[in-house]
Amino acid sequence: MENTKKSVILTIIGLYIVCELIKDIEFLLIKTDSTFIGENVICKIVCIIATVIVTKKLGYKLSDIGLKKKNAVRYALYGLGLGITTFAVSYGIEMTILGIQDKSPRLSVYITNFGLTGATNEISISFTAIVICIIGNIINVLAEEGMFRGIMLRAISDKCGFKTGNYVQALMFGVWHVITCVQGVIDGSMTIPMAIVFAFGYIVLAGILAIEWGTCMNMTGVLWVGMFEHFF
């Protein structure tokens, strides 16, 4: 039996709400990102499981939402190339500006979440820290790319067209990060007006990235390009 447009939209909304609620609980109460793990992985693991369930429920295969083996290495390298280029250009410009201001910029290693306020938990390089960072990043990327650029984009695009699907998943991805601002207000690091400004910034910045990664998914038919750029 073919899924109707209404049932698909309700299923996607349900997926988002469930994952959002679990994420909010982990951010505000469990606070796994404040432990040595440095990442809220519980909600991301739930996202992965929920995404697989919803994908099957809507009649798709994992390959239908971009998890294909064919040319995976090639597209992964494209994504790494995009990430390295973006980092090199952005950090190069920033370090040049700081150098002109007679400052001494340096690169350091951090465990931190995606944020507009900068990294806060600097760590020394160690094998354990590197392994934790890699595993946490893999879980995060699989969860977010699989849910937003995977099943959400595919299901909505099939019913409403790619343009609508891409904008919707981008908006939802932006809102996904607003919890950081709520957390800031609760712990006293942000005022409400500041949180509103930063929330808008999260929606815009994360939304732009989501549109780019959604476009990569549409052009290549796989998640690997956006996924490997997302690692950065």
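Using the three backbone atoms N, Cα and C, a Cβ is placed for every residue, glycine included.
Per TrEMBL, domain 'CAAX prenyl protease 2/Lysostaphin resistance protein A-like' is recorded for 129-232. Positions annotated as transmembrane segment by TrEMBL: 7-30, 36-54, 75-93, 123-143, 164-186, 192-211.
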Maximum Cβ pairs under 8 Å to the transmembrane segment (7-30) - stretch from the list 75-93, 164-186, 192-211: 164-186
The domain 'CAAX prenyl protease 2/Lysostaphin resistance protein A-like' (129-232) - residue tally per DSSP class, helix then strand then coil: 92 helix, 0 strand, 12 coil
